[in-house]
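Quick one: the structure is below, questions incoming.
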Amino acid sequence: MAPTTDTPVFDDKKVTVIFVLGGPGAGKGTQCAKLVEDFNFCHLSAGDLLRAEQNREGSQYGKLIQTYIREGTIVPMEITIKLLENAMGDALGSKTGEGWGEGRGRFLIDGFPRKMDQAVKFDESVCLSSLVIFYSTTEEVLLERLTERGKTSGREDDNIESIKKRFRTYQNDTMPVIEYYSAQGKVAEIDSSPSIEEVFKKSTGVIKEVFAGKYQKAT
């Protein structure tokens, strides 16, 4: 039998990948930053990687990424997945401390996968994921947070028109991803409406369960 063309780059027995999903403004970045401090994760934000690539001098993808971000739509997965794979390889080659070394690593990947094809392709070709943390809240809360953030963020997609497009994209494309992983028993849903500290306490509990082996990878 011919070998599959999609052998994962990283071994999921050594590398833990936790996807962090939720609507725009759900608090993904805030929670990831706190979890990094306590558990020595490498936090990769798909959005940040894309924005950095967009602004990188000589990038062949810069203009394309800029257009997708401005329209509130999803950048082609080949670009996003390659940026994530490269960033993971860099971290595995340089990061030390708890959970790292000899090919081991632990990653929080924030804002990805945003579509089903991204989820399947990443699991098959980069690394099989362990869990999805899904931060859920109401659209009203998200709109209020993003409008406030837009006053200081300088992000071109933090405006009412782009925000509403992002909501629709999220509902149409990302919710099926959450349902897909839920069917595998790989989703931990956390209400992100309460205070940052309250949400963090629940997030910490979930991470401890992952490392204790409660969430088993689908085979």
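Placed from the backbone N, Cα and C atoms, the Cβ positions cover glycine too.
Straight out of TrEMBL:
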type	residues	note
BINDING	GLY25, ALA26, GLY27, LYS28, GLY29, THR30, ARG149, PRO194	ATP binding site
BINDING	ARG51, THR73, ILE74, VAL75, GLY111, PHE112, PRO113, ARG114, GLN118, ARG155, ARG166	ribonucleoside 5'-phosphate binding site
REGION	45-75	region 'NMPbind'
REGION	148-158	region 'LID'
Out of THR30, GLN118, which of these binding-site residues shows the lowest number of other CB atoms within 10 Å of its CB?
THR30
Count the other Cβ atoms sitting within 10 Å of the Cβ of ALA26 (ATP binding site), across every protein chain shown.
26
Taking only the residues the record lists as binding ATP, namely GLY25, ALA26, GLY27, LYS28, GLY29, THR30, ARG149, PRO194, what is the largest Cα to Cα distance between any two of them, in Å to the nearest whole number?
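18 Å is the greatest Cα spacing among the residues binding ATP.
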Take every residue in the region 'LID' (148-158), average their pLDDT values, and give the whole-number result.
69
Between the Cα atoms of PRO113 (ribonucleoside 5'-phosphate binding site) and PRO194 (ATP binding site), what distance do you get, rounded to the nearest Å?
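Roughly 25 Å, rounded to the nearest whole number.
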Of all the binding-site residues here, GLY27, ILE74, GLY111, PRO113, ARG149, which one's CB has the most other CB atoms within 10 A?
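Per the Cβ count within 10 Å, the most buried is PRO113.
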Which residues, sitting 6 or more apart from PRO194 (ATP binding site) on the same chain, put a CB under 8 Å from its CB?
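Within the chain, PRO194 (ATP binding site) has no Cβ neighbours under 8 Å at 6 or more residues' separation.
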Going by C-alpha positions, which of the binding-site residues (ILE74, GLY111, GLN118, ARG166) is nearest THR30 (ATP binding site)?
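When the Cα distances are compared, GLY111 comes out closest.
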